[in-house]
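Below: the structure, in structure tokens.
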Amino acid sequence: MASPVAIAAQAGKLLRERALRPLLAVRSQAGHLTPRRWLNLQEYQSKKLMSEHGVRVQRFFVANTAKEALEAAKRLNAKEIVLKAQILAGGRGKGVFNSGLKGGVHLTKDPKVVGELAQQMIGYNLATKQTPKEGVKVNKVMVAEALDISRETYLAILMDRSHNGPVIVGSPQGGVDIEEVAASSPELIFKEQIDIFEGIKDSQAQRMAENLGFLGSLKNQAADQITKLYHLFLKIDATQVEVNPFGETPEGQVVCFDAKINFDDNAEFRQKDIFAMDDKSENEPIENEAARYDLKYIGLDGNIACFVNGAGLAMATCDIIFLNGGKPANFLDLGGGVKEAQVYEAFKLLTSDPKVEAILVNIFGGIVNCAIIANGITKACRELELKVPLVVRLEGTNVQEAQNILKSSGLPITSAVDLEDAAKKAVASVAKK
């Protein structure tokens, strides 16, 4: 059996890896990319799911108007009320509305104030560090009972590839950046590996509750909540359920105060109700258009469009462009099961961006057939009358056939032997202008 120190170190490593996964955020040398999860739930939606599965959360209502917010505050009849703007981006507390109101999270004891604040939130844009400069329009607010927290802990359930199954990770130090805790105090990180076939054992839930510092009757409460969170994790096909803080109140209740839930996109066919909750209103129109064709698109500030298959290769392409003195205009992931029509639509999206001065295609054909890519490229170039330089690097399945298609097309397409060569040629084509 591994020592407690080894387990803590492994759990800390898992948390740091979790922070780097594309489901949350990806940092590239080319800039800060924040890929939107293809299913992204608002805070109130996550809490509703938890509540429906027996997990204890604060009492709350959702309001679409200031009048509804006022009525909700009265119905709560709470000592103190917290009003939260509902957007997907983080940093709401320090955000600023274009109505002049500062802060997307407010505490008050007066229901009247809730109505007044909601009037300055709903229908206005809230700008935070994670939104575009102009902010994101707030369509709903959450009116919740504000509970005192006497102690904060951290709890997460996530998939661990090294274990080939779910793992529960916890720390008695919650309400803070858990990656920092894992790095500075790994002994405060605890881990329970769950057998996917047997499920969570009561002894595991009790042990985690004890490691989080819950004592007496609170220990049983915490273990019960941990078990319910695990069952929720399985039932909704989550890849991660993170509760921070997972805390206790002065009245002796264990409550999940805030939660982030990530889902397995491949489970959409059996989680239709959950996926129907996805709010795409905060997306850029081009992102929604890309999603119609199973393309993943993220706009950036540069002038070299990237057309790539696979998120990892897309990030590497952005980095190489940056290292060669260029700036990527986007992050476009074509994915695996490619059709010629997708290639055509991808080019339509890329050429619709007025910032784009060159296009770099970087495809590694494992599942992808390079010949299909080549046919899609030539069709797009002809029908869209492409006016910007096009650099193409293809490698893998049917690459020779693909190269012959490009060569015989008679189109002004620049071929590249590898990614470095492609990036240099794309950057040079823009520099000539």
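Any Cβ shown, glycine's included, is placed from N, Cα and C.
Not measured: the values here are computed from a predicted model.
With GLY91, ARG92, GLY93, LEU147 listed by Swiss-Prot as binding GTP, the candidate from GLN42, GLN45, GLN58, GLN193 annotated for that site turns out to be GLN58.
Cross-referencing ASN288, ASN303, ASN309 with the substrate binding residues that Swiss-Prot gives (GLY366, ILE367, VAL368) picks out ASN309. Between the listed residues LYS67, LYS235, LYS296, Swiss-Prot assigns N6-acetyllysine to LYS67, with no corresponding entry for the rest in that record. As a whole number, the greatest separation of Cα atoms within the GTP-binding residue list GLN58, GLY91, ARG92, GLY93, LEU147 is 20 Å.
Here the domain 'ATP-grasp' (47-275) returns a mean pLDDT of 94 for the predicted model.
Considering only the recorded positions ARG92, LYS112, LYS348, VAL368, the residues lying within 10 A of LYS339 (N6-succinyllysine) on a C-alpha to C-alpha basis are VAL368. For the pair formed by LYS272 (N6-acetyllysine) and GLN58 (GTP binding site), distance between Cα atoms is given as 26 Å, rounded to the nearest Å.
Take the modified residues LYS67, LYS228, LYS272, LYS339, LYS424: by the count of other Cβ atoms within 10 Å of each Cβ, the lowest one is LYS272.
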